[in-house]
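If you check Swiss-Prot, you get these features:
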type	residues	note
SIGNAL	1-16	signal peptide
DOMAIN	74-378	domain 'Peptidase A1'
REPEAT	92-102	repeat '1'
ACT_SITE	92	active site
DISULFID	105-110	disulfide bond
DISULFID	265-269	disulfide bond
ACT_SITE	274	active site
REPEAT	274-284	repeat '2'
DISULFID	308-341	disulfide bond
């Protein structure tokens, strides 16, 4: 049955109706920007317990708990309003709201980015509802409205948009992206908000109720495809994994092994496939086992360093998911930056699920199927 669905999705791609390709640019991460300005050490010192705190079971009215996107590198363009105003966003499968800075925001972070001006859009409607997004280092305050949102060739005339009126400065001031477009399930969206992809499905704006992601290691070449699967981005066959909780794109991982020995997730664990998180995050004790197995040593502020000269002798870390093994070689789980190497694994005891971020997605082309509530994975080209 899944093979038939794949054929339908590929056929839809060939017909190009209701198919949207959004090129993703691999840009400079916030970590790199802070490092270039000599600010990274102070940032890590002050926020070492909030670097990847994105996922939480706490829910409040019109609020979510998001990461500070310290290592996020993949961004795309969208347009809001009539006439359209351009924004660079993170297409984030780990959250569900769309928000961008507004002209009502005077924070330094907002002033450094594109800001939406409702007075210059003839289609904007104020909802008279507030939005609060809590970060580990402060909160983003905003308001909600409706407006036309354009993603490539898809025009959604009545989309909920969050407009920030206050942003935590040390989080977003130097980021290359303006805002976030969430692609998780509607149960994660703030009150009164409908996720962008849900609106597209409801209005039959996409050929299939799925989207797929390819993340290149190069600056160009990454792609988000709405409504189709593109076999030119992977080799072999897609393998399908049931979504266990329809909030995040969450599923069961059977185990994590190194050299055939279980080092983490013994007996199974829950994981989230998240395009808005760069690292591969898990419970502190499990991640510590992995760091030891790969020979990483802890730095001053919680990061784990690797000797760049040892990459060829380091082991492969294998995730077994739904009975299939997904190897991550050292080239995948090691971040190399200006002669320094760090581990792509990060411990976070505040998260109840593992988070498989860009470190994993660069290795495996990923399909997010809302029609069947499945995740598809195949070896990326």
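Placed from the backbone N, Cα and C atoms, the Cβ positions cover glycine too.
A gap of 28 Å separates the Cα atoms of residue 105 (disulfide bond) and residue 274 (active site). Residue counts for the repeat '1' (92-102) by DSSP state, with H, G and I taken as helix and E and B as strand, are 0 helix, 6 strand, 5 coil. In the three-state DSSP scheme, residue 341 (disulfide bond) falls into the strand class. Ranking the recorded positions 92, 110, 265, 308 by the distance of their Cα atoms from the Cα of residue 274 (active site) places 92 first. When the recorded positions 92, 110, 265, 269 are compared by Cα distance to residue 308 (disulfide bond), the shortest distance belongs to 265.
Over the repeat '2' (274-284) the predicted model carries a mean pLDDT of 91.
With every protein chain in view, the residue among the disulfide-bonded residues 269, 308 whose Cβ has the most Cβ partners within 10 Å turns out to be 269.
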